[in-house]
Amino acid sequence: MSSDLKRRSRTITDGRTRAGARAMLKAIGFTDEDLAKPIIGIANTWIETMPCNINLRALAARVKEGVRAAGGTPMEFNTVAIADGVTMGTEGMKASLISRDLIADSIELMGRGYMFDAIIALVACDKTIPGAAMGLTRLNIPGFLLYGGSIAPGHWRGKEITIQHVYEAIGAVAAGKMTDEELKEIEDAACPGPGACGGQYTANTMATVMEIIGLSPMGTAAVPAADPRKDSVGYRAGQLIMDVLRRDLKPRDILTRAAFENAIASVALTGGSTNAVLHLLALAREAGVPLTLDDFDAISRRTPLCCDLMPSGKYSAIHVDQAGGIQVIARRLVDGGFAHGDAITVTGRTLAEEAADAVETPGQDVIRPLDNPIKPTGGLLVLRGNLAPEGSVVKLFGYERTYHRGPARVFDGEEAAMAAIVGGEIRPDDIVIIRYEGPRGGPGMREMLGVTSAIVGAGLGQSVSLITDGRFSGATRGVMIGHVAPEAARGGPLAIVQEGDEIEINLDERRVDLLLSEEEIADRLLAWQPPAPRYEWGVMARYGALVSSASEGAVLVTP
């Protein structure tokens, strides 16, 4: 039976001509018996530069035990991983989105090179999740993702805190609303151990997405990183991959149009990160499934926001587990008719079957009932208008104002904007414009958590809006409009906004407009000259030259 499952790896291990390969593998401890079994790749994103993925080495060991117990031979390899929380607000942040595609490339190359029969990808920090999903989808061999889990919240003066509160405290100190000593206390308390950032930020949004879309086993992601149950989650995942291999269930069997619609609905219902828009567009492209920004807006309009989660809500991510897990979210989606219950998942069961097993904690108010949502429509809005002809994205929780008209405060890059905010130069009703931070212009489309948190920390979260061709962290809150397309570096209208121009944001009408005549806009665009690329060689230059628009997922395209 094992031989029948070695559909790919026999090319590496079987026959007289493969004696050299077997000799090399025996040098690191594999036996003839090991090499006669299906070879399972363990794609690990463990790295010692962040808490998000630090537990994945131990988790991988348990996964490998499960693989061996189920009749397979595991072989572990690593990819790169960039921590958004560590690099935020620096030049290093440009590497974050770029790493998504490099992770996809790494897994694809390892799968092609070593001819693994199946792959489990261990993921945690933001870009490792979509990157691994993209790589597995390209290979289209049996495989799935296993999420490392959320960090526990910290505690400060009787309050639960996360990394979000550290960044907001920086702005509060700059505004004179908090002392440096208090900031240090928050810094020391916010991240008490391993795991991904602890709200419905990008990592937990994408972990939720992967269970709902069917590419992660239901019931695994919500278990926190430091929870003792994670060991058994890893072991069972190792056993499951052998079953997935026997059934020859592949990513593209799972990633249907219906599955993507389910995923978008989960982002809307949970108030998830706007980064999910980029990543789902990119993953859909790998799966060959048509998907556009309009799909996100349409699904969000009909899906209620039911999860009271940070950054704008009350609860941290571990409370999802305490409420009953992502199965409860799945049940809300299925019961409300917001998801296709017949969509298949990696366990071989449908989403409806998985949702039916949900055990909801009595009295929990983390995941609200459908008849008492936080608001009747989802948190994602897609805006267009003469400032964003190809679209832009904003995430709302329900308390934000829906109309804002004000003067543009224009900054060519994140650092200049941050200096102005910290320096007290931004006033109520200003609309901050940060441009040349898009996929090409950055390059790398940096997240603006430092800037948005400084705005909130300074007490301007309800009176100042921000518009950028860059991205936002999942920890961002307020009227922060990102992913503006076309970006400034491609000659989008954002490039010709001048200091003091009137901008109008109308969320009810899904519009963001520069209040100038068509003739004035045309004249400015005609006079605009593209800036020189910021990098002339290396990965940054290559990415800037090949990356597509944010409205297409910011994916690399073949010239």
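Backbone N, Cα and C atoms are what each Cβ position is placed from, and that goes for glycine too.
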Among E447, E487, E499, E502, which residue does Swiss-Prot annotate as binding Mg(2+) together with D84, D126, K127?
-> E447
Determine, using Cα-Cα distances only, which of these recorded positions is closest to C125 ([2Fe-2S] cluster binding site): D84, E447, S473.
-> D84
Going by Cα-Cα distance, pick out whichever of the recorded positions C52, C197, S473 is nearest to E447 (Mg(2+) binding site).
-> S473
Measuring Cα to Cα, how many angstrom lie between D84 (Mg(2+) binding site) and S473 (active site, proton acceptor)?
-> 8
Rounded to a whole number, how many Å is the Cα of D126 (Mg(2+) binding site) away from the Cα of S473 (active site, proton acceptor)?
-> 10
Using DSSP and three states only, what is C52 ([2Fe-2S] cluster binding site)?
-> coil
Check E447 (Mg(2+) binding site) against DSSP and tell me helix, strand or coil, would you?
-> strand
